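Read through the structure below, which is laid out as structure tokens, and then see the notes.
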Amino acid sequence: MPFSLLNLKALMPEIFLVIVASVMVLLDRAVREKAFFFWMALVGTVVAWLLARESLDLHFGASYLSDHYGFFFKTIFLLVLFLTILISPGYAKREGFHFGEYYGLLFFAVCGMMLMASGTDLLVIYLGLELMSLSIYVLVAMAAGDPRSIEGSLKYFLLGSLASAFLVMGLAVLYGKTGKIVLSELAGWLTSDKAVLTGILFFIVAFGFKVAMVPFHMWAPDAYEGAPTPVTAFMSVAAKAAGFAALGRIFLLAFYPAYAYWVKLLIPFAVLTMFVGNILAVVQTNIKRMLAYSSVAHAGYILLGIVSGTKEGLSASMLYLLIYAFMNIGAFATVVLMQREGRVGESIFDYQGLAKLYPVPAFLMLLFMFSLTGIPPTAGFIGKFYLFRSVVHAGYPIIAILAVLASVIAAYPYLRIVMLMYMREPEREIKLAPSPYIWLALGLSALGVITIGIYPGSLLTSVLASVF
């Protein structure tokens with residue numbers, strides 16, 4: 001299609017995010033009132049979502065399609081961005097962040113994620129992934145006074161660069177063999193040729209790194225623990241959702257003719273990811289590290305929807321990612337509320353007796369822990385139910401049974417937090433971080449967990465309609 005301004009309208013959300021991010025970075029030194037950047041970021045997030053809705057069904061040549069599938073993921077990215085902005089001000093001020101730089105990098109990262117979700121050729125998806133990754137590498141290292149932050153960023157950068165190299169190799173192999181990079185065209189050229197299958201394997205490895213799939217998860221615990229807590233919340237949900245957005249479109253559109261080959265590779269990865277993530281979470285005493293391994297396990301659950309190879313399975317993965325956004329951001333928001341200078345608030349033992357002193361945040365944390373465990377009537381139960389059902393319907397009942405067993409193991413680290421809050425006496429003084437915006441984020445997250453848990457029907461129908 002020849003270039004026109006109508007083509008550019010499809011990219012208006014991304015263009016807007018880049019402009020706002022650039023303005024915030026440029027004004028960082030000039031504007032002393034840091035609340036300006038907070039409100040600019042919040043308003044910018046809402047405007048970006050409105051622009052994304054306006055650009056529905058538009059496309060930029062054969063490289064970018066603003067369809068309902070992409071819009072669903074853009075909604076997740078912008079929701080996570082909105083909640084991250086709400087939990088950031090007090091923490092960022094205490095740690096001495098440059099607000100314009102911080103919010104600008106978040107916007108750049110989301111722009112890359114949106115390109116990944118709506119990209120319909122491999123090159124656009126790769127460029128989006130790199131924009132997202134480069135922004136998050138810097139965000140992880142923003143707590144420069146904490147050696148863990150630098151270490152986590154360095155590990156993430158090195159292993160992330162390796163993942164990018166695998167993606168480029170996979171792209172080169174497939175292009176060299178088929179001469180195509182557009183996903184819809186690529187599907188018709190796939191064969192059982194060893195070179196093509198090797199290219200698909202490279203893609204599995206590359207996205208395995210990005211979504212923290214075992215055994216490519218080594219970077220996640222150190223990066224999540226070392227990163228500023230709001231950044232950990234952001235990357236644990238948004239970056240994972242972006243990886244699965246691209247994974248779903250590539251594997252269930254372009255690579256679907258080779259389903260019989262790649263599903264045999266993904267099944268052991270999914271099972272390993274669920275069990276290894278949950279088993280390692282059991283022995284953690286740092287809550288950020290525990291949630292990091294928990295995030296690894298949840299990647300395994302979400303992968304089940306891709307393994308099923310069906311529209312039902314992909315929609316179940318999409319629904320679970322939305323639910324995961326609410327319950328994980330809510331859990332990290334509680335951690336931000338508990339944190340003070342140093343590492344106070346990061347040990348699980350810092351939560352002892354929280355219910356006696358602060359019953360409201362304790363109850364909210366209980367709600368998020370129950371949802372992460374998958375206890376009804378929370379949203380986490382609904383998400384796991386539809387994922388496991390899709391795997392059974394696809395003809396893999398044994399995998400569903402293994403997923404249930406992995407969920408039983410997962411209950412221990414989550415319920416241990418609940419036990420410490422409600423069944424132990426406080427051993428030290430607990431002071432909550434004073435920030436009204438965190439309470440708004442907690443309220444929105446709790447509302448999402450409860451509402452989806454009780455009334456999932458209409459949302460599931462909407463998600464199913466969003467699948468390409």
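Glycine residues also receive a Cβ, built from the backbone N, Cα and C atoms like all the rest.
Annotations in TrEMBL come from automatic prediction, not curation.
Annotated domain 'NADH:quinone oxidoreductase/Mrp antiporter transmembrane' per TrEMBL: 120-409, in sequence order.
According to TrEMBL, the transmembrane segment annotation covers 6-27 (among others). Sequence-distant contacts of the transmembrane segment (6-27) (same chain, at least 6 residues past either end, Cβ-Cβ under 8 Å): 36-37, 40-41, 44, 47-49, 51-52, 54-55, 58-61, 64-66, 74, 99-101, 103-105, 107-108, 110-111, 114-115.
According to TrEMBL, the feature transmembrane segment maps to 34-51 (among others).
When Cβ-Cβ distances below 8 Å are used as the criterion, the transmembrane segment (71-92) is approached by residues 13, 34-35, 38, 41-42, 45-46, 48-49, 52-53, 56, 99, 102-103, 106-107, 110, 113-114, 117-118, 228-231, 233-234, 237-238, 241-242, 245, 318, 321-322, 325, 329, 332-333, 336, 339, 433-435, 437-438, 440-441, 444-445, 463, 466 of the same chain, each at least six residues removed from its ends. For 71-92 (among others), the entry in TrEMBL reads transmembrane segment.
If you look up TrEMBL, you'll see 99-117 (among others) marked as transmembrane segment.
Panel annotation: around the transmembrane segment (123-144), residues 63-64, 95, 97, 102, 105-106, 108-117, 150, 152-154, 156-157, 160, 164, 167-168, 171, 181, 210, 223, 226-228, 231, 234-235, 239, 242, 246, 249-250 of the same chain, lying at least six beyond its termini, place a Cβ under 8 Å from a Cβ of the stretch. Among the features that TrEMBL reports, transmembrane segment is placed at 123-144 (among others).
What TrEMBL records for 156-175 (among others) is transmembrane segment.
Within its own chain, the transmembrane segment (195-216) has Cβ neighbours under 8 Å at 129, 133, 159-160, 162-164, 166-167, 169-171, 173-174, 176-178, 239-240, 242-244, 246-247, 250-251, 255, 258, 261-262, 265-266, 269-270, 272-273, 276-277, 295-296, 299-300, 302-303, counting only residues six or more beyond its boundaries. As annotated by TrEMBL, transmembrane segment applies to 195-216 (among others).
The transmembrane segment annotation in TrEMBL covers 237-259 (among others). Counting same-chain residues at least six beyond the ends of the transmembrane segment (237-259), those with a Cβ under 8 angstroms from any Cβ of the stretch are 69-70, 73, 76-77, 80-81, 84, 109-110, 112-113, 116-117, 119-120, 122, 125, 128-129, 132, 136, 183-184, 186-188, 190, 192, 196-197, 200, 203, 207, 210-212, 295, 298-299, 302, 305-306, 309, 314, 317-318, 321, 324-325, 328-329, 468.
According to TrEMBL, the transmembrane segment annotation covers 265-283 (among others).
Annotation comment: TrEMBL describes 290-307 (among others) as transmembrane segment.
Annotation source TrEMBL lists transmembrane segment at 319-337 (among others).
Counting residues 6+ beyond its ends, the transmembrane segment (436-455) has Cβ neighbours under 8 Å at 83, 86-87, 89-90, 322-323, 325-327, 329-330, 333-334, 336-337, 361, 364, 367-368, 371, 376-382 in the same chain. TrEMBL lists 436-455 (among others) with the feature transmembrane segment.
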Residues from the same chain, set at least six apart from the ends of the transmembrane segment (34-51), whose C-beta lies under 8 A from its own: 12-13, 16-17, 20, 23-24, 27-28, 74-75, 78, 81-82, 85-86, 88-89, 93, 99-100, 102-103, 106-107, 110
